[in-house]
Amino acid sequence: MIALKCPEIKVTVVDLNKEKIKEWNSDDLPIYEPGLDEIVKQCRGKNLFFSHDIPKAIEEADLIFISVNTPTKMYGRGKGMAPDLKHVESVARTIAKYAQGPKIVVEKSTVPVKAAQSILHILKEAQAHDQKLHFQVLSNPEFLAEGTAIVDLANPDRVLIGGESSNKGLAAIAQLVRIYEHWVPRERIITTNTWSSELTKLAANTFLAQKISSINAISAICEATGADVREVAHAVGYDSRIGSKFLQASVGFGGSCFQKDVLSLVYLCEILNLKPAADYWHGVIEINNWQRRRFSDNIIKELFNTVTDKRIALFGFAFKKNTADTRESSAIYIAKHLLKERAKLHFYDPKVTETTMRHDLRRVTENELVDKLVTIHSCPYEAAKDAHAVVVLTEWDEFKTLDYEKIYENMQKPASIFDGRLILDQTNLRKIGFRVFAIGSAPTQSFNLFP
Ligand SMILES: NC(=O)C1=CN([C@@H]2O[C@H](COP(=O)(O)OP(=O)(O)OC[C@H]3O[C@@H](n4cnc5c(N)ncnc54)[C@H](O)[C@@H]3O)[C@@H](O)[C@H]2O)C=CC1
Ligand SMILES: O=C(O)[C@H]1O[C@H](OP(=O)(O)OP(=O)(O)OC[C@H]2O[C@@H](n3ccc(=O)[nH]c3=O)[C@H](O)[C@@H]2O)[C@H](O)[C@@H](O)[C@@H]1O
């Protein structure tokens, strides 16, 4: 976006992963994101370059964005909770090693509060040994969502920049503001101190995830009472203090960031000895896990309490529509529960590759189950053929307009459909003959052996 909006600025993207850089320089970009291809093609070779020559890029740059991954740590202290900052630290050390003049270092990765202090500490060591060096560290968290990244970047609700309140800090902030001002109205560019900016990113993701867990918790009450979660969400969201966005009940949120960032905030509360706050935010994750479990348990229950050897078609594997990203996708966890029960799973996703699906499933369950029980299709009608149930896990638009009469004809009877995304026309499906089960509405044709 910077390359597109600021033709006078040269943007160089560097990555340790040479294969990825090769793909960025090819016609086949390493990620699928609507609108991205066009922008890359428009700018690449003019003022946008992809390279694995990291030292050279550091030497040449005035401003360096650290945008590396900060996944949940899976070992040692803080295991399963704290973000792993080894990549951020490694970049800071590389900058310290190769910088030959003053640099503004921008923390774009999502990090815990005070991460900028560690980065600055490493850079200051280099500065102490070389008069030519001077570093300013800014926090500039990213708020784009996958699937709508280009729209979000082009027209952000806000841009947030945190930095030191010293003269040099304010001057660095002003430089970054000038870049965003090329396309973002000044009143939408918020400047704060560094720690507020770092904390805002974790707080924003946690608030968003909390909204989803809140409506998902309500969806369970709807299923038990006859209320309809779509009606409740609509009416609740009409209150402008609450707002209608992020109230879409679902099989649970996925993606590489919500879980990791909520856990990062919980961990921060814990190390600050703020246990009630830690427990409060941890509830967001607990409800999400419960929602996934409830959904898969319901499939088993409604398929007459056994799915062993039953063919089940799963529509969607990506964590949301318009992306091929599967990180922390609810589909993985629902598949895991069903595989434990020895169901035969037939997947279809318009963008996710067979290799990715098998790799993700092997990470959470035994290889043997995946090899024996999982089939991947390139056509939804093939996936649904002879199935006892169709389960919608991702809200891809194409699932709304499939020929469900044709799907019904080729399924085992009774044919069930489980809508984990509330995108299907339930009335029409019932007319066709399906038994329909959707998140947040009471089943009308429930078969309950053991209520
Ligand atoms: N994916 C998203 O939509 C958003 C991500 N973020 C944050 O941005 C950060 C990056 O996220 P993703 O792009 O999803 O991660 P990613 O894992 O897809 O990409 C990170 C890249 O950094 C490279 N890398 C790691 N260490 C490196 C080093 N020392 N030098 C050079 N390259 C190195 C890796 O090879 C990889 O290509 C995370 O902190 C995430 O929380 C924030 C907002 C949105
Ligand atoms: O830090 C990040 O990485 C990003 O995380 C999220 O973006 P993203 O995870 O890409 O996508 P979302 O649209 O937030 O969806 C996350 C998950 O929540 C689910 N969701 C979303 C909205 C909703 O109402 N209900 C719901 O179940 C989605 O299906 C998806 O599984 C935030 O929306 C971004 O602002 C943030 O920058």
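Residue 1 is the first one shown; counting continues down the chain.
Keep in mind that glycine also has a Cβ here, set from the backbone N, Cα and C atoms.
Given the structure is predicted, the values throughout are model-derived calculations rather than measurements.
Here TrEMBL flags Cys257 as active site, nucleophile. Annotation for Cys257 (active site, nucleophile): same-chain Cβ neighbours under 8 Å, separated by at least 6 residues, are Thr110, Asn205.
Taken from TrEMBL, the feature NAD(+) binding site applies to Asp15, Lys20, 68-72, 109-110, Glu146, 257-260, Arg327. In the three-state DSSP reading, Thr70 (NAD(+) binding site) counts as coil. Cβ neighbour count for Thr70 (NAD(+) binding site): 24 (other Cβ atoms within 10 Å of its Cβ, all protein chains included).
The domain 'UDP-glucose/GDP-mannose dehydrogenase C-terminal' annotation in TrEMBL covers 313-426.
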Under a three-state DSSP reduction, the secondary structure at Cys257 (active site, nucleophile) is coil
Quick one: mean pLDDT on the domain 'UDP-glucose/GDP-mannose dehydrogenase C-terminal' (313-426)?
98
Recorded positions near ligand 1 among Asp15, Val68, Thr70, Thr72, Thr110, Cys257 (Cβ under 6 Å)
Asp15, Val68, Thr70, Thr110, Cys257
Around Val68 (NAD(+) binding site), which residues of its chain at least 6 apart sit with Cβ under 8 Å of its Cβ?
His87, Val88, Ser90, Val91, Ser109
Cβ-Cβ neighbours of Asp15 (NAD(+) binding site) (radius 10 Å)
16
I'd like to verify something. Among the recorded positions Asp15, Val68, Thr72, Cys257, Gln259, Arg327, which ones have a C-beta closer than 6 angstroms to some atom of ligand 2?
Cys257
